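> Just passing along the structure, written as structure tokens.
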Amino acid sequence: MDAHEKTGLEAAEEMVSSPARDGETHDETQKETAGGPAPGHRKIEVHFCGSTPLLWQAADVKAARETGVVGTLVGSLARQPRQNNRLGRPLELLTEEARLLRETAQAVLFPATTSTDAENLQAVEQYVERQERSYEEQRALALQERKAMLLRALAQKQEDAEEIESLDQSVQDRLDALERGFSLRPRDERSETRFRVFRDLSRQGFYLTSAGKFGGDYLVYPGDPLRFHAHFIAVCIPMDSPTPLCDLLALSRLGSNVKKTILLCSPSDGDEGGEEEEVVYTSLQWSGMV
């Protein structure tokens, strides 16, 4: 996946944890019908490896492609494992593709940590214990070093013991505040903009793949990528975001060189997912000097 895509843990936690909060099980998800497959139709199984959504079954790959989800094959072939010209399953999905399948009730998401093996649980407990012990040791060393620095400074100024205790408490409060304020989950509004554009183009019947090597967000195909060439390079830009003229010229010339039209995509400020949601599209083509 591209580096600028929504980083993994956030997307996986948001998509996979939602059903768990509502108390839903795998069997209950099969009952969803609004916007999803017909009753009795097998849903696509999306398994997460860390934060990467993968399709392992051939039937799931076929069903996903029929819905317009293309993905990228990343597995090696059993009979030709020492080459990378032809790849096989699993099929790696974009974060937006997995989210769209879940939103339309066509897929069931399985988190990465589904194992209940006793040895795995014991290994996890040992790892957590080592992490806690290491944290406590580093915390104690940091406090000792800080205390030594404070004592030297206070000795020079001939401060009394009460001020030393006050400064130690201040250091502890700062450490606690830093611990509370630290979060592994990034805050990225661009990923939401990308998803809204991806969803709108998918609803219009286009097929989309990653366009990192073309300097854009998505390659837009009028049909299955095995049968058609991409017509557009979609670049997702917030509605009120200023874009330098030099960037627009560079994008236009890039599109001209690769024989594709640059498509600037800007979601409106309406309610996300609502009926009033709209994406404004602007096409750019380089015509040279007149």
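Glycine too: its Cβ is placed from the backbone N, Cα and C atoms.
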> Under TrEMBL, the annotation coiled coil belongs to which of these stretches: 74-120, 121-167?
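Coiled coil, as annotated by TrEMBL, spans 121-167.
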> Does DSSP put K260 (active site) in a helix, in a strand, or in coil?
coil
> Counting by DSSP secondary structure, give me helix, strand and coil numbers for the domain 'TSEN34 N-terminal' (44-110).
18 helix, 23 strand, 26 coil
> Rounded to the nearest angstrom, how far is the Cα of H229 (active site) from the Cα of Y221 (active site)?
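Each residue's Cα considered, Y221 (active site) and H229 (active site) end up 6 Å apart.
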> Going by DSSP assignments with H, G and I as helix and E and B as strand, what are the residue counts for the domain 'tRNA intron endonuclease catalytic' (192-271)?
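With helix first, then strand, then coil, the domain 'tRNA intron endonuclease catalytic' (192-271) has 28 helix, 20 strand, 32 coil.
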> Take every residue in the domain 'tRNA intron endonuclease catalytic' (192-271), average their pLDDT values, and give the whole-number result.
90
